[in-house]
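Chemist: Below you'll find the structure I mean.
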Amino acid sequence: MSFKDLRSFIDHLEANGELKRISYPVDPHLEMTEIADRVLRAQGPALLFENPTNHSMPVLANLFGTPKRVAMALGKDDPLALREVGELLAFLKEPEPPRGFKDAISKIPMFKQALNMPPKTVRNPACQQVVKTGDDVDLTQLPIQHCWPGDVAPLVTWGLTITKGPRKSRQNLGIYRQQLLGKNKLIMRWLSHRGGALDFADFKEQFPGERYPVVVALGSDPVTILGAVTPVPDAMSEYAFAGLLRGERTEVCKALSCDLEVPASSEIILEGYIDPNEMAEEGPYGDHTGYYNETDKFPVFTVTHITHRKDPIYHSTYTGRPPDEPAMLGVALNEVFVPILRKQYPEIIDFYLPPEGCSYRMAVISIRKQYPGHAKRVMMGAWSFLRQFMYTKFIVVVDDDVNCRDWNDVIWAITTRMDPKRDTVMIDNTPIDYLDFASPVVGLGSKMGLDATNKWEGETNREWGTPIVMDPKVKQKIDSIWDELGIS
């Protein structure tokens with residue numbers, strides 16, 4: 001099942017007991033965060049706050065608060081089915097030539113899918129049913145959440161930011177938090193390596209001093225939202241990838257103030273520009289690490305137009321110490337990464353980003369070890385293969401007899417198969433998450449790799465331990481008489 005807009009997904013969730021409407025008045029200032037956090041930690045439903053205090057616009061929260069709902073958004077029943085998305089991405093990143101006629105025939109469905117990518121432009125879109133310009137532009141009328149007591153101001157969290165570089169044919173979609181600064185101003189917090197910031201840097205170089213057009217979509221269809229947080233190949237637009245996942249082209253429309261294309265079914269669209277000479281201090285805000293982050297200067301986004309559907313829904317979230325919604329997204333998207341990594345490194349058995357590691361700061365990889373030093377090669381490969389892992393601080397590599405998703409297994413492997421000096425890799429002066437205050441320098445820190453695999457000749461001179469395993473025949477016999485033993 002595919003969803004053309006957010007509302008059809010809301011209806012689907014409600015019909016399946018995955019969404020709860022809350023009619024009791026709830027304040028976007030702190031109260032929504034507390035409720036959403038309690039519900040998410042209980043693995044509860046998405047929430048639709050129908051009567052936000054001092055606002056008439058409903059607020060949707062916890063939309064992707066469980067891996068199951070992430071899978072449902074992509075038309076899947078089980079998060080493990082998201083590996084199909086990973087297989088598709090792996091193919092798109094490195095398409096293999098057919099090995100023969102039969103192989104060519106088998107690849108036809110995937111090639112047909114790829115041809116279904118370009119977005120479809122529509123007229124009279126739902127997202128432009130109501131248009132506000134000039135003095136009517138007032139961001140304070142939106143029920144923007146103020147998530148934590150130490151936050152400096154309300155924060156737009158699920159804005160899908162749309163940009164285009166002057167030398168690129170495709171648009172970029174990214175999700176960057178945006179601090180409310182005034183009736184028509186937000187602070188665009190994008191880090192220098194992110195797609196939107198790179199597009200902006202290219203524009204400033206080619207058109208110094210000129211205003212840079214930017215559009216932010218709120219409440220887009222779930223597939224387009226997830227397309228913006230998936231490792232899409234650089235040459236492909238997120239719109240095209242969303243169409244690929246949906247099985248039909250993404251419907252877009254032209255923005256009113258510029259040539260950028262926006263998701264036509266979105267609930268709310270913010271159009272405007274960034275003046276390269278206007279910056280503002282952003283933060284502090286509570287973040288996905290569980291701490292308030294440092295402040296820094298970022299570009300100011302001036303909103304000139306607000307368009308929206310009739311009776312729009314405001315899509316929001318909060319970030320905090322895991323588990324939070326980004327952590328749940330990370331758990332689901334973990335399954336997308338597995339086939340992509342296996343394509344490059346077939347020896348990888350499984351890959352796990354524990355949610356306690358703030359979505360990406362720690363990874364555990366199980367491999368079918370084939371030679372001395374193999375674990376170290378896999379570490380280096382994981383750090384460098386996808387941009388998503390450039391901020392991963394710790395990588396643990398284990399053998400294929402260890403379940404990399406079971407901390408009992410992983411800790412056993414670390415404590416029995418590692419010598420701290422021999423089997424630890426330390427790398428200095430590497431890119432680190434800007435929000436990581438533990439690093440000695442902002443954006444620059446170290447990485448640690450832990451080789452918790454069995455050691456081969458050349459890696460040790462000692463006789464290696466043999467794991468204790470019960471005789472299979474004995475296990476089979478005990479299984480057969482277990483009920484007669486009377487042990488519960």
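Each residue, glycine too, has its Cβ placed from N, Cα and C.
I grabbed these lines from Swiss-Prot:
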- ASN172, GLU238: Mn(2+) binding site (BINDING)
- ILE175, TYR176, ARG177, ARG189, TRP190, LEU191, ARG194, GLY195: prenylated FMN binding site (BINDING)
- ASP287: active site, proton donor (ACT_SITE)
Chemist: May I ask which residues of the same chain, at least 6 positions away in sequence, place their Cβ under 8 angstroms from the Cβ of GLU238 (Mn(2+) binding site)?
Modeler: GLN171, ASN172, LEU173, THR224, GLY227, ALA228, THR230, VAL232
Chemist: Count the Cβ atoms, other than its own, that fall within 10 Å of the Cβ of LEU191 (prenylated FMN binding site), considering every protein chain shown.
Modeler: 15
Chemist: Please list, in sequence order, the residues in the chain of GLY195 (prenylated FMN binding site) that are at least six apart in sequence and whose C-beta is under 8 Å away from its C-beta.
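Modeler: GLY195 (prenylated FMN binding site) has long-range Cβ partners THR163, ASN172, LEU173, GLY174.
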Chemist: Beyond the listed site residues ILE175, TYR176, ARG177, ARG189, TRP190, LEU191, ARG194, GLY195, identify every same-chain residue whose Cβ lies within 8 Å of the center of their Cβ atoms for the prenylated FMN site.
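Modeler: Going along the sequence, the neighbours appear as THR161, GLY174, MET188, GLY196, ALA197.
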Chemist: In whole Å, how far does the CA atom of the residue listed as 'active site, proton donor' lie from that of ILE175 (prenylated FMN binding site)?
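Modeler: Cα to Cα, the residue listed as 'active site, proton donor' and ILE175 (prenylated FMN binding site) are separated by 14 Å.
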Chemist: By a simple count, how many Cβ atoms lie within 10 Å of the Cβ of TYR176 (prenylated FMN binding site), its own Cβ left out?
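Modeler: Within a 10 Å radius of the Cβ of TYR176 (prenylated FMN binding site) lie 23 other Cβ atoms.
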Chemist: List the residues of the same chain that sit at least 6 positions away from ILE175 (prenylated FMN binding site) in sequence and have their Cβ under 8 Å from its Cβ, in sequence order, or write 'none'.
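Modeler: Same-chain residues close to ILE175 (prenylated FMN binding site) (Cβ under 8 Å, separated by 6 or more) are TRP158, GLY159, LEU160, THR161, ILE225, ALA228, VAL229.
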